[in-house]
Amino acid sequence: MAGDYELRRFRPSRVGEEGYERTREWIKAVGAGFYDKRRSEDLIAKTAAAFVADGRELTGVYQPGPVPTGTFGPEVPVATFATFRKTLNAGYGALVPAHLVTAVTVRTSHRRRGILRRLMTEDLARAKADGVPIAALTASEASIYRRFGFGVATTERRVALATGPRFRLSVPTDGRVEAADPSVLMELAPAVFERAHRATPGSIERQERYRHAAAGQWDRDGGGEDRALRAALHFDVDGVPDGYVTYAFQGWEHEPHTMEVRDLVAATPEAYLALWDFLGSLDLVRRIVWSEAPADDPLAWALDDSRAIRAEAAQDMLWLRILDVPAALEARRYGVDGSLVLEVVDGLGMAAGRYRLAVDGGTAKVSRADGELPDLVLDAAELASLYVGGVRATILREAGRISEENPGAALAAERLFAVERPAHCLTHF
């Protein structure tokens, strides 16, 4: 990054606190970078308060000198970057500390000057120095982040479910589902999500905004009350809430009459299917759509007519970046025992090296293996893709992303990194 920029890291401030104007201008710059509608002052204040609750660190890149007349002033950053810490479910209930990267923007007129590279490389180095084994992000563009060692770890699908006569589950559901006022989710949603988070490989702990959105207090456009939102809760056989869904009707002018799922969180497979059974039984509705469905969805297998559900699109969701190979691999648990020598290639040098992964009793020990021949050679991005079991090693081998030096090693890696349930991430950040 050229010397005519100034990089500032700071903690966000709430309305009335010292530093709020800096936070306010930073939030406005992020909105401009993602082509959002201009935010109201109320939404900016609400966003700032949520950032404080998340414990975020904000980074802005500024022009310290004069700027052309009529353009954004020097108090508005030309690039933004933010991070906060949450946990990642790496399988079998292992919650691993994760460094979450978000709000990455560079103003068009300041691109190709090394700004993003400096922001990312310095930040990842700081996270590694803090002892965090893995970083994560969700990407607005799929072509940007592999160069920094990030790999796709989970995917999601937009699905459309035909209801009415075609909809019927082939298995009975447990517990009960009842409609509820969304406002109850302000307190209930975090508790239900925490159970789901602990049960779902690939899950990222959620940020403050989610419970406000679930409770109908933060609509998608202006940040005000979401008057279209509806909610339902699933209770297990003991009457304990273990799932919820929020949804909104798209209007009578839409044919077929369609309900959009906004959020669906289930701590158990039984709760997941029961919530879908509820949605599929809504009167006057002939179609349910959801943009964040898991890539490996049990619903299709639970329907009498599997063609009633259709995937309209699929895309990458969670991207991971291994910062410390021994720490990351030892932090998760494994369903089978085995041993592999992995040669990790890393253009940034953070994870590069040859390592022996030895699993005994579901627990890993990782050691340097510089004098041994590797079983697999892979980039840090591919190791990240394998980490939560959402991507198969044999697929990466066939795609030319993994070099199998020892026949059968990719299949062995696939078995080692397999997890107890399909990996899925329901947290966008």
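Note that the numbers count up from 1, one per residue, in the order the chain is shown.
Cβ atoms here come from the backbone N, Cα and C positions, even for glycine.
Unlike curated entries, TrEMBL annotations are predicted automatically.
Look at TrEMBL and you will find 5-174 tagged as domain 'N-acetyltransferase'. Sequence annotations record features per position, and here TrEMBL assigns acetyl-CoA binding site to VAL104, THR105, VAL106, ARG112, ARG113, GLY114, ILE115, LEU116, ARG117, SER140, GLU141. The active site, proton donor annotation in TrEMBL covers TYR145. Here TrEMBL flags PHE429 as active site, proton acceptor.
Where TrEMBL records a feature, it is marked here on the structure.
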residue	record	Cβ within 10 Å
VAL104	acetyl-CoA binding site	23
VAL106	acetyl-CoA binding site	19
ARG113	acetyl-CoA binding site	17
ILE115	acetyl-CoA binding site	20
ARG117	acetyl-CoA binding site	13
GLU141	acetyl-CoA binding site	7
TYR145	active site, proton donor	23
PHE429	active site, proton acceptor	21
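Annotation note: ARG117 (acetyl-CoA binding site) sits in a helical segment as assigned by DSSP. Comparing ARG117 (acetyl-CoA binding site) with the residue listed as 'active site, proton donor', their Cα atoms are 10 Å apart once rounded. The Cα atom of the residue listed as 'active site, proton acceptor' lies nearest to that of VAL104, taking the recorded positions VAL104, ARG113, ILE115, GLU141, TYR145 as the candidates. VAL104 (acetyl-CoA binding site) sits 11 Å from the residue listed as 'active site, proton donor', taking the CA atoms of both as reference points.
Within the model, the domain 'N-acetyltransferase' (5-174) carries an average pLDDT of 96. According to its DSSP assignment, the residue listed as 'active site, proton donor' is coil. Binding of acetyl-CoA is attributed in the record to VAL104, THR105, VAL106, ARG112, ARG113, GLY114, ILE115, LEU116, ARG117, SER140, GLU141, and the widest Cα separation among these residues amounts to 20 Å. Across the structure, TYR145 (active site, proton donor) and ARG113 (acetyl-CoA binding site) place their CA atoms 17 angstrom apart.
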